[in-house]
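Record features, source Swiss-Prot:
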ACT_SITE  61  active site, proton donor
BINDING   10, 32, 59-68, 119, 180, 189, 209-210  substrate binding site
């Protein structure tokens with residue numbers, strides 16, 4: 001079964017993170033390791049997650065010159081992660097070289113996903129960095145660029161999924177943060193949606209953090225979310 005839930009492991013210590021993953025079942029979710037945890041704990045932490053049979057989304061959002069990003073993506077593949085991402089705004093050549101370096105890995109290559117517009121950003125935020133376009137317009141532009149580069153999909157807000165399905169087709173993976181079960185705190189992400197709404201709209205994978213990781217009974221919450229999207 002293709003797990004649609006990716007749990008964001010946003011903890012300050014290895015003990016807290018491993019205590020959480022030991023409470024849940026790798027058949028019910030995948031896990032995401034971001035910049036903070038990877039910078040603190042490194043590759044050994046990812047290996048410990050693999051030992052527990054979890055698929056890992058390495059969410060480091062690479063953005064650098066093409067050669068540097070390609071080598072970083074290769075290192076992620078050598079680590080055995082399931083998914084890795086980079087910033088589409090790094091350009092076509094950067095994305096093409098990152099995809100090309102994965103060719104020798106064949107079916108064992110991680111999914112290579114592009115970040116389009118961060119879910120915390122709105123029109124004014126884009127304007128302040130010199131982009132005179134709405135988040136939706138910029139997402140479409142960057143998604144087309146990522147698809148042209150041969151990437152597997154993009155990270156986008158749930159509200160952009162339906163439009164991207166039209167523009168990029170059914171096989172282009174759509175990974176959606178900004179997912180909050182009903183009754184959850186919105187936090188710092190402005191463009192949000194419930195798991196059920198996101199799947200019905202066409203999301204492939206849902207990134208969910210605090211509603212699961214800060215729950216008194218995370219396994220029950222995870223089971224409930226999975227039940228809601230079946």
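Each position is counted from 1, following the chain as shown.
Cβ atoms are placed via backbone N, Cα and C, with glycine included.
Features as recorded by Swiss-Prot, highlighted on the structure.
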residue: 10; record: substrate binding site; Cβ neighbours (10 Å): 16
residue: 60; record: substrate binding site; Cβ neighbours (10 Å): 17
residue: 61; record: active site, proton donor; Cβ neighbours (10 Å): 17
residue: 63; record: substrate binding site; Cβ neighbours (10 Å): 15
residue: 66; record: substrate binding site; Cβ neighbours (10 Å): 18
residue: 119; record: substrate binding site; Cβ neighbours (10 Å): 24
residue: 209; record: substrate binding site; Cβ neighbours (10 Å): 20
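In this structure the C-alpha atoms belonging to residue 119 (substrate binding site) and residue 61 (active site, proton donor) are separated by 14 Å.
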